[in-house]
Structure formats: C-alpha cells, structure tokens
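**Student:** Sharing a structure here in structure tokens format.
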C-alpha cells in the first residue's frame, strides 16, 4: 500500500478533496489493485480507535452500577460530532436565505420599484456567493460526519471481537454465529451511513421554524396550510411505509421458501443431475417464484406511490400556501416565486430529513444498546494454577453447562401445575430429578507426570466436557482441579487457521528445527508436505480447504504436540484417519515422542486402552470405571456396552427394531407439547400449515439435548477435488457407533421441531459453541465440490431416562438466550463471506443495458410511452407560456414550474378564480400523466426480473459439472438471493427515480431556454461537463466499491475462524495475535472505504461547483438581458435553483443505476454458462454381440417405459479417464473392466483414491474420455438423460429437499399412491411414513431433519426401485448408520435388488464381503480386479486391512444368501455383534 497524499495535503487540497486526484486518474486509466490503495491515517487505525474506546468503556464499567456505552462513545467523539453538526446547520441556513434574495431580485423588476433595479446585479452576486458558501460548508461537514461514523464502527468492531474471545463457553452456547455477524454488519453499518443524517433531528425543526417565520412575513396565516399539507403527507408516507413492510414481510416467507429449495438444489446439484431431476426442480422453484412476484409487485407499487408522492407534492404545497392569501388579498408575483423556493426547502425538511433523522437515531440507539448488552456478558475465567504441580488431580468434581437451575425448576413446576389443571398430566414428574442434569458428576482421578490416561465412553457421556473443565472452559460447580496450567490441546474437529502449514503447527511458539522435524515425522506429515510444490510454506485457505480431513487432523495434532507443555489434552485426534495411519501415529507420536509427558486421550479403541496407564470410562456424566486395563476386565466385564454406547439387542422391542422412528417421534411430540404453552415461538409437533415454519432463533449447540435417547449428530463433509472425496467424512471411533460427539458439541444443526409461522424455515442459526465443535470443514467452500448438507446419525444408546426433562430444561433455558438481533436475515449475511472477485468490467457496459432493455419487448414500448407523455408535458407548459406572453402586460399572467413540471399560473387580482381553475386543471393533467408514466415502467421492470430469474435457473441446472465445480455454492446462491433482490426491489424504483429526475431537469431546461435562449448556450457545456465527470468518476468508484466489498470478507471470515478455534486459541494463549490479525483486516477494509468516501465527496463537490458556475451564468444572463417583466426573471431563477438540486440528485441516481446494473451483468454471466451436451454424439451402431434390436430401440422415446433397456445390467468399461475440470489433472486413468449382469462389485482403495470419482464418471458427471457400454449400448449413442436413468443411485451425500414425502420419492408425479406404497413396503419405509400425520403428504423441511440418516438412505433406495434401474451405485451407504438401520438397508439390497448389478464403495469390511468381485484402485489406476479369495491370498490393501480378523470366519458371509434364512431376531443379533469387530479401510 502507498503512503496517503492526505498526510502532506494543504488545507485547500483537504477542503476540495484534491488529494484524491492521483487515484482517480489511475482508476480511470487502468484496473486498480490493492497495492494502489493508500494507507489509512494513523488516527483511523483499529489499534488507536479500539484502545481509546476500550479505555472509556473500562472507565464506565468501573465507575457505575449501570454502565452506558453511549457515554463512552460520547467522551470519545462528541465534540467533533457537534462541530460538524454546527457547520452542517450553517450550510442548511443558506438554503433558507436564498429565496429572500431571489424575491428582492424579482421585486427589482416591478415597474413601481425602479429604485431597486440598480442593485439587482449586487443581489445576484449575493445569491451566487450564498451557493458557494453552501458548497464549502456542506461537503466538509458531511464528509466529517461520515468519517466519525466510520471511526465509531471500527472501534466497536474491535471491542466486539475482543469481547468474543473472552466470552465464557456458556454464553457462546446461547449466541448464534448469525447473531454475531448481524451485530457486526447490520447494526454497525448504521453508523457509517446514518451519522450524517443524525443532526437533522434538531436542524430540521430549526429550519422549519425559520422558514415558517419567513413565510408568515410573506403570506401570514395561509403559510400554515402548506405546512399542514406536508405534515399530512409525511404521515401518509409513513402509512405507505408500514403497508410496504407488511407486503415485504409476507414476501420474505416466500423468498425464504424459494431460497431454501434453491440452496438445496445448488448444494446437491450432483444428485439432481444423477436423478435427472432438472425439470422437476425448475418447475418447483418457478412456482414459488410466481407467488413471490405477486407480493413483490404489490410492495413495488406502494413504494412507487411513496416516491411519486414526494415528486407531486411540490405543486400542492405552493398551491395550498398561496391560494387562501390570493383569494383574500390578491398577490404579487415575487411572493409566489419566493414561496415556491421556500416550499421546496420546507418539503425536504419535513418529508425527508426529519423522518430519516428520527429513524437513524432509533436504529443507532437500538444498535448501541444491543452492543452494550453483548459487552456485559459473562467472560471466561482462567483457573488459578500452580506451576510447580507435576500431577493432574481432580477431586469430586461436578459441573453443569447451564446455570440457574433453581429458577428453571420453579418455572417447570408452575408450567406443569398449569398443564395438570388443564387435564394434561401425562408429561412430567417422570424424571423430574433430571432437571438440570450435571454434565459431569462426582469425577475423581489422579495421574502422575508422564502417564497416559485414556478417557472412553458412549456419545454424550461427558468426555469433551472433562477436557473443557481441565482447560477452564467449563467451571466446576463443586470439587477441586489441580494441574500446572501449561496445557496443549488438540480438538476433536481439526481447526486450521489461514496461513502456511508451518505457521499452523508452530502457532506462535518459538521455532526449533529439530523439534519441528520430529513432530512432522511422528504425525506422518512428511509424505503429504513433500507433495506440495511450496512444501510446508503452502498457504492454506479458510478451513484448510486444500487438505483432506486426515491431513487437517494430523496438522492439528502436530500443533498440539509441538508446543512444550506439561499436560496434553487430545480429544479423539484420530477420527479422520484410516486404520494403518492411526496405528503408526499412536505408536510413534503418543507413545514414543510424548512418552515423558502427561497425556489425556479421548478414545474408544481397545488397543489404546490396553496401552494406557490409567483408564477412565464415563457413562452419562458419571465415572463408570477408573483404573488399569486389567482391573477393568476383572471388575467390569460389561464395559464394552458402555463404551460403545449401546446395550445388547434383546433389550429392544420388535417395534423398535422395525422402525427407529417411533422413538424419534416420541421425542418430537414431547418437545412440542412441553414447549407450546410457554415458548414465544410456538413450536409445535408436526402441525402442518400451508406455509413452512417460522424462522428459528435457537442456539445450535444444545448441550443437554445431546443426552437423549438418540444423539443426533451433524456432519458436513467436504468433497475435495476428486483427490480426497471420501476423506472428509470422519471415520467413526472404532467402538462407538457414531462419532464421539460431546454434549456441548455437534447437536441438532437445525430445529428439531417443526415450527409453524409465516416464514419458511431457514437453516438454524449455529451457536458459536457448536461452531467450535463441528468439523472445520463446514465453512470451507471447496473449489471443486460444494459443501454437503448436514446429515444426521442416531446413536443406539438407549439413555431413555434422560430425555424428557433434559430437553425441557434446555427449552426453558432458551428464554435466557441472548437475542442480539430480533430479525436476522441470514441469507443477506452470506454476502459477508462470499464476495466473488469479479471479472466483469469496472463500469456497466452499453451491451448490458441493451440486453436488459431488449430481453422483454414490452419494455421498449414502455420507454417510448414515457417519452411521449414527457413531450406532452413539455408541450403543455410551452403552450401556457405562450398564452401568458400573448396576454397584455397590465393583466400579465405568469407561470412557473415546481420540481415536477407543475405550474403556478398567477394572474393579478383581476380574477382570483381564474387562477384557481388554471392551477387545478394543469396540475391534474400532469399528476395523471406522471402516474401513467411510472406504473407501467415499474410493472415491466419486475417482469424483466422474472424472465432473468427463469433463464438463470435454467442455465445453472443445465450447466455441466465441470463448470459448476469451479464456482462456490455461496457465489451461485448470491445470484439467486442478493442479485435477484436487487433486480426485484431496488432496480425498478431506482430506474424510475432516475428517469423522473432526468425528465424534470430536461423539461425545466427546455422552459428556461424558451424564455431566454441565451441560457441554452450555458446549458450545453454544463451537461457535457456532467457526462464527462460522471464517466471519469464511475471507473474509480466502482472499483473501490468492489475492493471494499472484497475487503469486508476477511473481517467476517477471521471472526468465524477465530470462533471455530476459540478453545485452541485460549489453550495456546494466542488471543493478542488474533486481535492483531483482526485489526489488520479492519485496516484493509478501512483503507478502501475511506478512499471511497473521499472520492465520492470529490465528485459531489465538483458537480456542485459546475452547478454554481451554471447558476452564476443564468443569474447574470437573466438580469442583464431580460429587461422588463418580473415574471420571466422569476421563472428563470426559480427553475435554475430547482435544476441545481434536481440534476445533482439525477447524477447520483445514475451512479446508483450503474452500480445496480452490475447485478444484471453477473446474472447475464450465469445465463451465458455452457450447457451439458445431452444429445447423442455418434450414431447408433450394433455392438459385437449382435444386439441390433436393442440398440435400435434406444432411439425410441418410449424405450424406458417398455423396460427393454437396460435389460440385464451388463457393463463394459474401456479406457476410462476422468477429470473434474477441462484443463485439470486426470483423477482416474485408463480404467478398463467389465461386470456381468446381476453381479456385485466392491470398490476398494484408500481414502481419496478415486472410488466416488469412478461412480460419478459412470453417470457422466465429469469430463470423461473412453467408453462405457450397458447391455451393448454405448454412452455416446443415447441422450444424457436416458443414460443416467439406467442407474439407481444412493449417493454419499443424501439429498432430501423441502417438500412432501411423495415429491421426494417421485418429483415428476409419474407413479400413483399404490405403486409408491408398494415400493415403500419393499424398502422398509412404510412404517416410517405412516407414523407422520398426512403420511405421503407430510412436508419434510430442513433436509428432512425429522428423519435419521438411515431413513434418508431408505428414501434414496426407494427412488432407485421406483426408477426401475438395473444398475445400482452405492457410495458409502453405511457411512453414518446405526446398526439397526444398516441391517434394514442390507436386507433391502438383498431382496429388492436381487437381480440388479450393484457397484458398492464402502468402508465396512462386512458389507464388502457380500460382493463377488473387487476392484482395487490405487494411484488413479486399477490395481486388481478379482474375487475375494485371490485378494486374500496376495499381499493387497484388502488383505492388510482385515489381517487382524480371521479370514475363514468371514467367508460364510459371502454366500449368506444361499443359506437357509434364520429367525430375524437371531440374525440381527449376530450381525450386530459382528459390528463390534468392525474394521475400516
């Protein structure tokens, strides 16, 4: 960044903003880079400003019981704020004085007032000087206020960020990330924009008082008629504003509904294409868009009338002020023209400035109070440590994640009494003692220096909470903790900060080469680092998106190990690693490298327990066992069930085995009933309305929710570049059925009840604490794949006795949750994170305007219509002027024109009624014409928006995956949310305003030029100068805006990154470093924003200077050339003053239009995306086996219905090569093999070897070369849709969209209910669907959050059965399944797909053993393609993976279908026992 010229600028340069010229010149000539931006003045640096405000806020906290943030702000900024306010007032006063001089000039032309004629020229000079003074006062004042607003925002940003790093985990649990981002973006922007308006809360009343005094002098009491009209108008506009908000609120629900489905479509675009659902999704979204646009039109019409009311009001104000006076006393012309000028200023003060100022104060004070509440939240307390301590001791420790359980108990009791009095006593007192269940109960252990403690337990047992308590994140309510305080921590979910691999591992600790190399080697990172060209200096993006899940996990572990500490806390560090890597790291790192350190390792692996010095097994928060492994075997023979999280199967009823949903439903209805009577947001159990549910305001992390019958866990895997597709799914802990998610960790990512209300359900806000406990992958947007939707898993841990009261207590506690923002528009918040670096031109091209205008033929006619009406208006005014000129001087009538082509035709007292008629007649005509002009324009522009949305949606759905892989999901969604909102809401009204203002100016210039042709000569250069200046400024301003927008993203990204790694940050004590990074991001944004404000002010000032020169020219031309006739001078000068203010407004409007048209450019960019080549690329030829008839029938469109192809499911793959993008590396090379009809083939390979890529290649979702044939038909000879319909797909990332069960199973509506129920029976879905009200018509929302992951898999199975597919592709179908659902799926696969070809990519060995052949993929190629016997006899990956099991024992399973079927319960029991021995590849 360059040094700012501002530092050396002179006073004159600062006053006229001339110091910005170099950047304006550079921006005009070339594209600006970040290096071209000037450094910020030291007074604006985040360090200085935050220190200043922090000091004052600390003073406020120390000195008062009730500290006020506004007092701290006042002490920092008040005097400068008032100084600029006074300057602003003086600038505004000049506006009120100008009409007095104008009146005197007009009076000097009165034949009876010859004496004043000589001083007219001096009055003209005085009037021009007033304009110059106004310009020199207003612009510095407005800039100064914007500058103070920016400084206040920076100081508060910093204060909020610092506070966030200090918040206790309990508070973080109650705040969602959306609320925090909203606090920073929505609330604080109010200071930037609003501070310049704030002073009008006192300036406007003073201005009105002054003007009314001056008008009283002119018109006496009748002046108040005009004021009364303006007050009524202001109230009318407020009413219209309220009506508009009503429509917009209704519309918000519809927009949310559309965006949810659009978002689901974008995130699952691969599945949409695999299922051939493009047309169905398009139709569904367009139907929602239709309803939304009806409300958009209503809101636009109301806004249009609101805007028009201002334009048309000018005439009536003058008319109502003048008429009573004229009727009673008659009137002289100069009073009329003076009145007109006064009324223009008055109108602005009453209808615009004062209401805006009041709104600004209301918003700003609200924002300050919210921030004040946030700054007073409870902070994290570090424990008191003794550095000489060598052991770790915990004595009788109990802890709660929640506080204030006594109050909750009372509240629940009252609520329960109320329920009993209503006759509903079925719910409570069953487990009342569990209200406020501690997360840890009476835990005691002691480990000496150098010992390894293994902590194990089922999901939600309290393992992570134990580590949190040692770190001080969770405060014990009883008991003692003792350790030295020198801690290192490795989180369960790996956290990567933006920076190099080396910076992530060293993490601010002093660099030691030997230690660093040892850690890299022990954590198995050497090979990974060597693959990168930059080695360990490769810069990792947000969340480390270039890395696989396993690599991220190992870097997080290396960071923890590199720090020299006394105690190492390792929370399931091996979750993402395959068996072999995990074994090596445990041996070399945990056991050898850290041998003399104290370690606490959360694990569920038997091998780790055997090696540990001490074992602590937790169960439901209590210490189930503490001791050595040998003691464990002797004392607790049943430990495996506690460790794994489920007991033996005979505890379950038959009903429970058939459908896990029964318990889920029971949980939902409990929660619904428990909350409905008192919860503000009336959450109800499965009560469907026509709309989807209300917006949720719950925290995501519900600590206590995790201790329930089923732990529902959120996972958001990221699929990466084809190289690491499988790797981002965390492998489960070996002896636990689900990832060991802690309470206070990955709990319901979205609402677990269905809300009913006016708006569609958005994604639930994520509490900050939950953000930390989820995989860092979630926020990272892969370059090549989209982030996956949340998937859920059910643990089989019965834990039945912990459900009702825990959920109830959690719901109660949510009343005390922090509500930072009542209404957070989270889709809008996305713009904080996804700012595409655009390749669109710096200024909107004429081509974009031309395409926009011609996309809907009616728009051209509407624009011509506007022009015709405008010409009629000008013609009318010229006719009136001509009539007036023809009238004899003694009866001279004169006309004038208000800000809207309205006329004030005033005749001397000969006929007051004649005045009245002309006024009303002319005004009515113009009012009608103005309305006719605007409404069709607004209506047509909304239709254009509708067409653009349709075209863009079609383009995205038809685009090839290679194109979509290069785009961020957030970027695509921004086009449908942010840009469509601009096209719907802002653009039509801004274009209307611009056209209206432009026509007013042209009309006024035309009238003036007719009256005084010389003025036309002055007008031409002014308009030319304005066009050149606008073009010159626009190039730079749009680039600065874009850079500012890009600079906003790092601020919010850094906030989210810090929150995800907050526990790690605090464990390593790196808060100051991260505060510095945050300040750097703030300063970068400030540099862009400050420069944008300065250049904008430069432009506004230059425009005003041109107008001042124009006005001086007009004044002197009219004074020197008019001769007799006060009317003409009056009209010319009044209109010239109008032209000044209106043309400036028009210029700003034109810049707004250009800025908004960039959204249109972005939309066109999406519309122009390439489409998939769906037509056959070669003619059909008979294959070698002579299946001529089959091939020929393919050309027939009814081929699918006749079930002729594919008939057997035979597949032949020849030389298949697959790439993700056109110029990318080959992910798979020269793959060749064939599959017999009905055969089952298993895909084997390490994480990231390309198994999922191969399945995508079969579906032609990638760039592929080579050939695949199904039953002799080549993929080149039929359409893409026909080819994909040959496959049934169960993807890794299950896709359930918001809609009914029926829609989800059959979006095209091809099958009747009978057929759907039949298939539901086959796959075991009937019992699931029947338990929902409405059955097939039950509406699923939020990705089907009421279903377990297993049931979603069953829906995918049912889709495949309905599609009559002969080839089934399964990608990790058991990845997140509990044993029961897994057995249902296995059974379904055996029965429903008995005669189908099945290709299976799977991690579970047991599932793979049912395959007849195996395809082993290594290094992008096929290594082996053989039967299981051959693979076991050779040294292969498969053989290594199951070396610990007895191969012979595994063999009977392969042919299990030939065995006589055993009783169902016995079979399930045996199969599930084998799950315990489960091994993963």
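Start at 1 and count along the chain as shown; that gives each residue its number.
Cβ atoms are placed via backbone N, Cα and C, with glycine included.
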**Student:** So, in Swiss-Prot, are residue 282 and residue 1070 both on one side of the membrane?
**Tutor:** yes
**Student:** Out of 894, 1455, which one does Swiss-Prot list as N-linked glycosylation site?
**Tutor:** 894
**Student:** Run through 801, 900, 1230 and tell me the one Swiss-Prot describes as N-linked glycosylation site.
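**Tutor:** Going through 801, 900, 1230 one by one, Swiss-Prot flags 900 as N-linked glycosylation site.
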**Student:** Out of 160-180, 223-243, 244-264, let me know the one Swiss-Prot marks transmembrane segment.
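**Tutor:** Per Swiss-Prot, the stretch marked transmembrane segment is 223-243.
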**Student:** How many whole Å apart are the CA atoms of residue 523 (S-palmitoyl cysteine) and residue 1396 (S-palmitoyl cysteine)?
**Tutor:** 44
**Student:** Can you give me the average pLDDT across the topological domain 'Cytoplasmic' (1-77), rounded to a whole number?
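**Tutor:** Over the topological domain 'Cytoplasmic' (1-77), the predicted model scores a mean pLDDT of 90.
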**Student:** Given a Cβ distance threshold of under 8 angstroms, which distant residues of the chain, six or more beyond its ends, lie next to the topological domain 'Extracellular' (217-222)?
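**Tutor:** For the topological domain 'Extracellular' (217-222), the sequence-distant neighbours (Cβ-Cβ under 8 Å, at least 6 residues beyond its ends) are 103, 321-325, 328, 335, 338-339, 342.
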**Student:** Taking DSSP states H, G and I as helix and E and B as strand, how many residues of the topological domain 'Cytoplasmic' (940-990) are helix, strand and coil?
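**Tutor:** Summed over the topological domain 'Cytoplasmic' (940-990), the classes give 45 helix, 0 strand, 6 coil.
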**Student:** Given the recorded sites 523, 1396, which one has the fewest other C-beta atoms within 10 angstroms of its C-beta?
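**Tutor:** The recorded sites 523, 1396 were compared, and 1396 has the fewest Cβ atoms within 10 Å.
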**Student:** Kindly report the helix/strand/coil residue split of the topological domain 'Extracellular' (217-222) according to DSSP, in that order.
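**Tutor:** Reading the DSSP string over the topological domain 'Extracellular' (217-222) gives 6 helix, 0 strand, 0 coil.
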